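Asks: Summarising the annotation, TrEMBL assigns domain '4Fe-4S ferredoxin-type' to B:288-316. The transmembrane segment feature in TrEMBL is assigned to B:63-84, B:114-132, B:175-193, B:205-227.
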């Protein structure tokens, strides 16, 4: 208590501090003058401060505008970008349920996207090892949904031809993921670097021994994803993006055989690609030869 | 006492405290007594002060609750105990949706679509804080409140050494900003305030790890230390106003007892929202017992500080029941 009593006029003493020096100068009603002056100063201070705060808030639009052409990859079932930013309550419940910890929250450098979830596929892709798209189930505000509300339209080419079949669930009574739209679309961004197009095979852990990404391997454990580093591969012709893709009919390898018997392949993205990003994560080439373009739509086979 | 209810709401929105016009006969009697028996009054006051115990009962309880709630959030994720999943903006308590009222407001206004879970979570939290005191959310749960409280001590030390002075703002700023941020959500379709909210930023940082956004929180704290005491909570944060509005109907509040008050003003010095304690100034109390208005965060610092027990927590209606 003693501390509080010593600590001076902590109570809003309105104008006492300002009154003292003004009072010395004299004048007709110094005290009320000082009071008025202080009130004016306070008003100006308040206006400046309020403008600053609202301005700082609005500055959050700049990163959103900057990212408009190259938006972040959102978790499956995300509404269109602006609807997603507005409906997301920034709680991270989707982060908490993801078994492979693919979902991360945006920082203040994302402006209005602060606290909004996204996926960095190259580091850790969504491999649907939860089977039921848990992040959609966890979302309390309908930012991640199986089916959009009617007033939100589906962009042409964003809709999947039919519900995607999850390879891991192929033998289950209900083998599909209850998704209607894609999050993005895979694209062979550097065909010249792709091992298959060069006719090369691959041996060893896909991304090196230090890679922290995880994935579910049905032949290891359906319910426990393991580090990709602990699951080395051996392929005569690299086809990791095709075999590790969790979705049926989303990507295929078109193989051509030369006269000397050597094989070359080219990964071809198909209409059922949901944009999960597993191909981008697993691609052993550095930097990756295949990427997911967030929000990209299907415009026919490339 | 009539009209005090509305007056307290206006006070919360930023109006300056007014002197009461009407006093109950009992209150008038006590005010008169205190003037008549001045020497006895001073002697009693000294006696009480000499025997007052320095206590931090409510502060300690509050800090414990605040830390436990935030730890529960953190551990639910870290240790996967799944009791309170999510962050302060929205969560599930053993499966039941809880949604912060101000975040819900921002999302509803920006997105203009309310799904069932959002409504259930918001309604649950509304009832919870209507029962528990509205702004008690601020002092008993908000992590920024605790951090700001610690930095406030530094601010007060610097004030004492005359290194800094407290610059007041007009309290109406918070109301203006509440309206502005609501309008911005409607017009822009973005939850603009969420980008600034130190409550959300801190809560997420505690659960999901540190972020650059903590720099903004640090900036606010520096501003509060060197320029304006508790500026964010006092003059800006719309969350406080939202929960304050809920607290209008809350039965949990601090009640002032004119009988036990020596009008020393210690309570007003420790208070985050001293305008709600205008009633303790000598001659200002319109009644013998006066409940403190909705802008009060129910932090209990005044209850701890009062040497003569004139401020006490009370649950309206509970006394009658017991």
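Cβ atoms here come from the backbone N, Cα and C positions, even for glycine.
It should be emphasised that the depicted structure is a prediction, and the values quoted were computed from it without experimental measurement.
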Asks: Counting only residues 6 or more past its boundaries, what in the same chain has a CB within less than 8 Å of a CB in the transmembrane segment (B:114-132)?
Replies: 90, 96-101, 104, 107-108, 140, 243, 246-247, 249-252
Asks: Mean pLDDT, the domain '4Fe-4S ferredoxin-type' (B:288-316)?
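Replies: Computed over the domain '4Fe-4S ferredoxin-type' (B:288-316), the mean pLDDT is 94 on the 0 to 100 scale.
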Asks: Could you give the number of helix, strand and coil residues in the domain '4Fe-4S ferredoxin-type' (B:288-316) as assigned by DSSP?
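Replies: The domain '4Fe-4S ferredoxin-type' (B:288-316) comes out at 5 helix, 8 strand, 16 coil.
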